[in-house]
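Trainee: Here Swiss-Prot flags Met183, Leu184, His208, Phe209, Arg265, Gly287, Gln296 as ATP binding site. Taken from Swiss-Prot, the feature domain 'THUMP' covers 60-165, and the record attributes it to sequence analysis.
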Amino acid sequence: MDYSEIMVRHGELSTKGKNRMRFINKLKNNIQDVLAPFPAITVRSDRDRTHVSLNGTDYQPIVEALKLVFGVQALSPVYKLEKSVPLLVTAVQDIMTSLYRDGLTFKIATKRSDHAFELDSRELNSLLGGAVFEVLPNIQAQMKHPDVTLKVEIRDEAAYISYEEIKGAGGLPVGTSGKGMLMLSGGIDSPVAGYLALKRGLDIEVVHFASPPYTSPGALAKAQDLTRRLTRFGGNIQFIEVPFTEIQEEIKNKAPEAYLMTLTRRFMMRITDAIREQRKGLVIVNGESLGQVASQTLESMQAINAVTSTPIIRPVVTMDKLEIIEMAQAIDTFDISIQPFEDCCTIFAPDRPKTNPKLSNAEKYEERFDIDGLVQRAVSGIVVTEITPEIVNDEVENLIDALL
């Protein structure tokens with residue numbers, strides 16, 4: 001027998017009361033986005049399950065994709081069949097025969113939500129267990145810790161049989177907690193910050209600053225590839241490329257070297273906040289980790305934050321670098337992040353950046369710039385690209401390989 005579908009059990013959604021169906025529908029949409037590379041798949045949701053019909057598609061890549069989607073508590077490959085006792089008997093016998101090995105123990109666990117069905121749960125357990133013994137007389141039943149628990153669900157629309165439960169990613173469906181702008185440089189930390197924000201249901205749009213010719217097409221492709229990795233956890237992501245060359249050249253020419261990083265970050269924050277307001281976001285997310293680099297001391301954060309009253313979420317702020325690296329490896333962004341392309345934060349980095357910049361000094365140096373004009377020109381020049389889980393071709397990988 002081939003699996004008919006993957007049955008998805010919802011995570012924290014069970015606690016969402018009147019908003020439950022809104023959360024479930026969002027999860028359904030996210031699953032459809034993530035499974036877009038598999039055109040035969042269909043997705044249907046009810047109040048306590050989401051059903052991913054395979055329609056002949058190999059179940060293993062579908063399981064691997066679904067395991068990453070936030071809002072999924074657990075999933076099981078299942079056999080779906082008509083609510084017929086003879087069909088159930090035959091299916092249970094076939095499944096257990098295919099799984100049998102010497103010494104195997106099993107139990108039947110039936111759940112009946114369709115109370116109009118002809119047998120109750122106890123009667124089904126007895127009948128189906130007896131059917132297994134008919135074809136496998138040497139198999140042993142074990143109620144407490146069996147090798148195989150064959151779960152049979154009798155629901156209104158059909159019967160479902162499964163024996164494997166796979167842990168999902170948990171968390172909340174992406175998009176159920178509002179929208180935020182993720183400042184993604186291309187390093188190790190910001191993709192991890194994005195992953196953690198996605199886990200709590202935040203719909204992120206990626207903001208990436210590009211300064212050609214100082215930053216290369218490879219750096220841009222790298223940032224887009226990191227974004228594509230993040231789409232596996234909740235579906236499509238808008239990638240916003242910000243032209244930053246003019247601002248960086250202005251800062252380089254007019255500001256003291258020690259304040260280059262502080263002023264650069266202040267402009268980035270202003271621009272990100274302007275984009276957030278334009279695109280109706282609620283928060284800004286970044287990958288700052290306290291004390292990791294000069295721009296991430298409390299004094300630096302305070303001087304940089306002063307340009308906005310928008311909440312700044314820093315998911316990795318208390319994590320050690322090794323912890324961040326381990327998480328980056330786990331979510332498959334680390335190998336991309338360490339590709340040797342310079343980003344906007346490194347091309348004009350001073351040898352001795354100020355670790356305790358004074359806000360008054362930063363504001364004094366910024367009097368040398370047309371702040372509003374620079375920000376407005378950057379925001380008006382953004383390029384927005386929708387990044388999807390589906391890789392249409394290998395252009396990104398080929399470009400990176402050619403530039404390395």
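Each Cβ is built from the backbone N, Cα and C atoms, and glycine gets one as well.
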Trainee: Among all the protein chains here, how many other CB atoms are within 10 A of the CB of His208 (ATP binding site)?
Mentor: 27
Trainee: In the domain 'THUMP' (60-165), how many residues does DSSP assign to helix, to strand and to coil?
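Mentor: Result for the domain 'THUMP' (60-165), in helix, strand, coil order: 37 helix, 31 strand, 38 coil.
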Trainee: Quick one: mean pLDDT on the domain 'THUMP' (60-165)?
Mentor: 96
Trainee: With ATP as the bound species and Met183, Leu184, His208, Phe209, Arg265, Gly287, Gln296 as its recorded binding residues, calculate the greatest Cα-Cα distance and give it in Å as a whole number.
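Mentor: Largest pairwise Cα separation, rounded: 19 Å.
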Trainee: Taking each of the binding-site residues Arg265, Gly287, Gln296 in turn and counting other Cβ atoms within 10 Å of its Cβ, which one has the fewest?
Mentor: Gln296
Trainee: DSSP three-state call for Met183 (ATP binding site): helix, strand or coil?
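Mentor: DSSP assigns Met183 (ATP binding site) to strand.
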